[in-house]
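Colleague: Sharing a structure with you now.
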Amino acid sequence: MGSDQALLFPVLLPLAGAVLGLLAETWHARRVGWACALTGIASGFAVFLILALRGWSSGALPLEGVVGGWAPEVGILLILDFPAAVFGPLLYGVSFFILLFASGDRSLGCLFAAVFSIAVAGVGGVVLAGDLFNIFVFFEVLSLCAVILIAFQGRASAMYAAFRYLVVGAVSIAFYLLGLFFLYRATGELALRPLLAHISSAGELSSSLRLGLACMIGSVAMRVALVPFHGWLPSAHGEAPTAVSAFLSGVLLKTGVVVLYRLLLLIQAGAEYPLVQALLWMGVVSAFLGAFAAFFQSDVKRLLAYSSISQLGYVAAALAAGALGAALFHGVAHALFKSLLFLLVGRLAEGLGTHDFRMLRSKGGMRCSSFLEGVAFLVAVAAVMGLPGFSGFAGKQLVLAGVAAIEVGPAGKVAYWVLKAAALGTAASFGTLFLLMIAPGTKERVVRVSPREQIALLVLLAGVLFQGVVRVDLVRLGSSLEALGFLIAGGFLVALRQHVLLRPSREMTSGEGCSTCRLSGCSDSFGRLGHALGSLDGLILAMLAGFLVLFHL
């Protein structure tokens, strides 16, 4: 069988594992069901990796294939290009270890593993799809599975978060299909290569193409949770089971990055710089607001969620700047260290019975965890904060270099300094999270992890460390001192948060009022701002406003 037909196997193998897992559910054989799901994802990862390595070694990338030998116009066109060869094996590998970690939770049955496997197949389909219609199909599969996974434990708050994501997904897909309509009407093509050739030959975008691509960029920006389309993400991450939060942040968001890259190829071929700059500023604003919104969160999972908005902002800015290597490197880094952090913090929160930062510290924080978990937590936090020698540092240096190279107007310089300022918010928010390591409270009980969970943590930890070592050449004295300066400034903000914002109010100290603190007002203000920016009404109005502007260009 040729490589063109083998491209379908990364999608089929997790689906086969899901079907066998569902059959095992009917037989009440949990271990068999989970083994089938894990085997399907592992097999898909192996095929992805073999195809990617074969393509790299032979110089044959991109690999293309049409399922069943149909003509490309009517068949399912699959393509393994450089971004797919990077993200495909990565996302399947991360998904496998997330599911391996989740296998220790007895409350999650074979149905969970099967739906998770179908979601992974959707990820593979989005990454490999070579035409815009099949990207839509696989996105829908992935979205429906994500809704089920978010609401899986049946809590009212989780059901609301899942419903909110479902509505956002429906709005997103409506704009995506509207964009498909405009593109097909203008070109008669949906496959990416013919579309690219058509736009390149024209040299510019017609009004229909411009409007269609704007619809699709906005649609995918909702999936990636860029400001102002980010409102669904904190609640979904905060209410989902631990493994699902890790999957949403580490895997699901990266599928949107691949689609953004493919759309940007079309936009840049038509020299449509306003759309590129719109994506650039969505990324820059997301990086800045996400970092500082995370600082004001008292729920540790929501802190990590807002941080994901910030980190994906860096990736989007790099894509808009044309720095594909920087976007891929930082996207890989985020997939590894944020999945690791969600697993660690989520398991700690489940073990101690709270997501509240102050309550976690009062119950002992990370001192309740094992030595391995403590080391993994320190490494992941250092990577997110961008300390020299870690993957986050290298990724941000590459992104900043790419953005600084923008030559169209002052946009590059302004975006460069805003992204640097966002690093201060990241240092402050994760400096706060670091306090879980030195929690002053009494250690209530030890949160234990099983051998399977330890394997998952070890592999993700090794990935974070390895990626930092690969680009240790980016560590320079000037950039290292700058990172140290951000760390010191972030430490000052953490101290301010602890001793001023968290200082009990007068009513609390006098015993006349409820147990409140100054931080609650700040957190509520940021929460209202985030809700306003992320509300569906604001989302739709923002999209319509963008269309009106485009019609007048």
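Here the Cβ of each residue, glycine as well, is placed from N, Cα and C on the backbone.
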Colleague: When you get a sec, could you say which of 320-344, 370-394 is annotated transmembrane segment by TrEMBL?
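Modeller: Based on what TrEMBL states, transmembrane segment spans 370-394.
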Colleague: From 193-211, 212-230, 478-496, which range did TrEMBL mark with transmembrane segment?
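Modeller: My reading of TrEMBL: the transmembrane segment range is 478-496.
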Colleague: Excluding the flanking five residues on each side, which residues at least 6 beyond the ends of the transmembrane segment (165-184) place their CB within less than 8 Å of a CB in that stretch?
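Modeller: For the transmembrane segment (165-184), the nonlocal Cβ contacts are 132-133, 136, 139-140, 143, 146-147, 150, 190, 195, 208-209, 211-216, 218-220, 222-223, 229, 231-232, 236, 536, 539-540, 543.
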Colleague: In the same chain, who gets a Cβ under 8 Å from the transmembrane segment (478-496) while lying at least 6 residues past its ends?
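Modeller: Distant contacts of the transmembrane segment (478-496): 295, 385-388, 393, 397, 423-424, 426-428, 430-432, 435.
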Colleague: Going along the chain, which residues at least six beyond the ends of the transmembrane segment (76-101) come within the CB cut-off of under 8 Å?
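Modeller: Residues 4, 7-8, 10, 34, 37-38, 41-42, 44-45, 48-49, 51-52, 55-56, 61-68, 70, 113, 116-117, 120, 123-124, 127-131, 134, 191-192, 242-243, 246-247, 250-251, 254-255, 257-258, 261, 324, 328, 331-332, 335-336, 339, 343, 452-453, 455-457, 459-460 contact the transmembrane segment (76-101) from elsewhere in the chain.
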Colleague: Six or more residues beyond either end and a Cβ under 8 Å away: which residues meet both conditions relative to the transmembrane segment (135-153)?
Modeller: 107-108, 112, 115-116, 118-119, 121-126, 129, 159, 161-163, 165-166, 169, 173, 176-177, 180, 223, 236, 239-241, 244, 247-248, 252, 255, 259, 262
Colleague: Determine which recorded stretch among 6-24, 108-129, 245-269, 275-296, 414-435 has the most C-beta pairs below 8 angstroms with the transmembrane segment (36-56).
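Modeller: So the stretch in question is 6-24.
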